[in-house]
Amino acid sequence: MAGPAGGRELSDTPTWAVAVVCAVMILVSVAMEHALHKLGHWFHKWRKKALGEALEKMKAELMLVGFISLLLIVTQDPVSRICISKEAGEKMLPCKPYDGAGGGKGKDNHRRLLWLQGESETHRRFLAAPAGVDVCAKQGKVALMSAGSMHQLHIFIFVLAVFHVLYSVVTMTLSRLKMKQWKKWESETASLEYQFANDPSRCRFTHQTTLVRRHLGLSSTPGVRWVVAFFRQFFTSVTKVDYLTLRQGFINAHLSQGNRFDFHKYIKRSLEDDFKVVVRISLKLWFVAVLILFLDFDGIGTLLWMSVVPLVILLWVGTKLEMVIMEMAQEIHDRESVVKGAPAVEPSNKYFWFNRPDWVLFLMHLTLFQNAFQMAHFVWTVATPGLKKCYHEKMAMSIAKVVLGVAAQILCSYITFPLYALVTQMGSHMKRSIFDEQTAKALTNWRKMAKEKKKARDAAMLMAQMGGGATPSVGSSPVHLLHKAGARSDDPQSVPASPRAEKEGGGVQHPARKVPPCDGWRSASSPALDAHIPGADFGFSTQR
């Protein structure tokens, strides 16, 4: 079967050329696989479990792209033999029809549904050799997708996956760079100056605290507060007083007051957990990609509004996160007139849309994918012969869309994503990233032993009908097992559950927090907790 013009079949190619090309591809593939393996080993060595899982999901995405490529290769010839009418083939084209001679409109239209064959046959590149005879032309019809268009679609999917992974890594890198500024604020919490300034026996009027002064006043006016929140995300999205107040509220709600808890390291762990979600192209995002390709026909400007929507969503999310901080400050002001010690907010899901903090992550994941789609589409159309003339008739407009997408990516990575990592900790529940591997293993062992003891108690019930019931042994408590695992700063016995989290989950309810009089008397901690955490360090240790 004859190949395309200017090309040769494999039987007409020298064996040394085939061997050289094959060897280069194999060496590059093995080198990439070895590099990913080394990276995974480094994550395991330094106990970066979340990043290791993110790497595994990245490998899964590359495998998915490989499966798609394989399907495109296998089904290329059968799909190119599927014929449709010319009327159907000329509807919803991404570019204006033109005639081959003058480049203007005409009846001799060239189909450009994600493909153009270019000026001459020398531009054609196929995954497999095309059929020698156009079956559909004999029937007066056109092919559903030609071999050339399927090849270009295959290239675009690969470029999209690469840019999504690249944008995810950039987002994680810039977010951690921004969060490094918060580390010095976390270090100040261990100083005597901070402990003296936030002495539990010290009282202040609520309206005199820095947090209330920053977020109330003119900012509390309805309508104006949204404008203030919108502009605040660009200049002072997170200040020192915001960080310290949210930190204190998290500790009071989920731990016990006075703990030396490394809140900054906890946020970093939570961010790594979220990175596992961001780096993956979920089924919902693939559906969004298919929807954009479906709507990308001439006349509605899909690519234009697609470059604007991510920026609008990011600004909306950033404004909402700033509003959450302002609403918590307003609640402190309305709840009590005198603050004892450090002012602390009360975490709750009620501050977020539909009581779902995880929806914020989905919106950011969506905008990240849309930005990657836009950049991948730009690179793909510019690098593919014929498509540049189709999609970039006004190159200045195309460059403006790319600049807008890059600005949205920087805004997401350096401002919105770190703000999300901090503010979403103010939900009703802690993230599981607070537990390390040793603690999780101890909990698993306790669960296994609890099942075994339950079976033993069920068997003893038959023997205890005439006598007393069985008495649980000393080792049936998870705290007992975790004590054997070693006194660590992030063990569950050092991390009592939040009263709000237990109330919402149907667990044991605790009385509401009360502010004692400012006479130097301090509320005593639970004796059960003091027995396990006298002066414990709640910092997470990722290196051993």
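Placed from the backbone N, Cα and C atoms, the Cβ positions cover glycine too.
Fair warning: this is a prediction, and the values are worked out from it, not measured in the lab.
Taken from Swiss-Prot, the feature region 'Calmodulin-binding' covers 437-458. Here Swiss-Prot flags 485-544 as region 'Disordered'. Residues or ranges marked as topological domain 'Extracellular' in Swiss-Prot: 1-15, 81-154, 381-402. Marked as topological domain 'Cytoplasmic' by Swiss-Prot on the basis of sequence analysis: 37-59, 176-284, 327-359, 424-544. Residues annotated as transmembrane segment in Swiss-Prot: 16-36, 60-80, 155-175, 285-305, 306-326, 360-380, 403-423.
Here the topological domain 'Cytoplasmic' (327-359) has Cβ contacts under 8 Å with residues 198-207, 209, 211-212, 214-216, 220, 244-246, 248-254, 320, 424-429, 498, 500, 504, 515-516, 518 of the same chain, all six or more residues outside its ends.
Counting residues per DSSP class in helix, strand and coil order gives 17 helix, 3 strand, 13 coil for the topological domain 'Cytoplasmic' (327-359). Beyond the ends of the transmembrane segment (403-423), by six or more residues, the same chain brings 167, 170-171, 173-175, 177-179, 182, 233-234, 237-238, 242-243, 246, 267, 270-271, 274, 307-308, 310-311, 314-315, 317-318, 321-322, 324-325, 360-361, 364, 367-368, 371, 374-375 to within a C-beta distance below 8 angstroms of the stretch.
Against the transmembrane segment (360-380), the recorded stretches 155-175, 285-305, 306-326 differ in Cβ pairs under 8 Å, and the greatest number is found for 155-175.
Sequence-remote contacts of a segment are chain residues at least 6 beyond its ends whose Cβ falls under 8 Å from one of its Cβ atoms, and for the transmembrane segment (306-326) they are 215, 219-220, 225-226, 228-230, 232-233, 237, 242, 246, 292, 351-353, 360, 363-364, 366-367, 370-371, 373-374, 401-402, 404-405, 407-408, 411-412, 415-416, 419-420, 423, 426. Mean model confidence for the topological domain 'Cytoplasmic' (176-284) is a pLDDT of 81.
Counting residue by residue with DSSP, the topological domain 'Cytoplasmic' (176-284) contains 77 helix, 5 strand, 27 coil.
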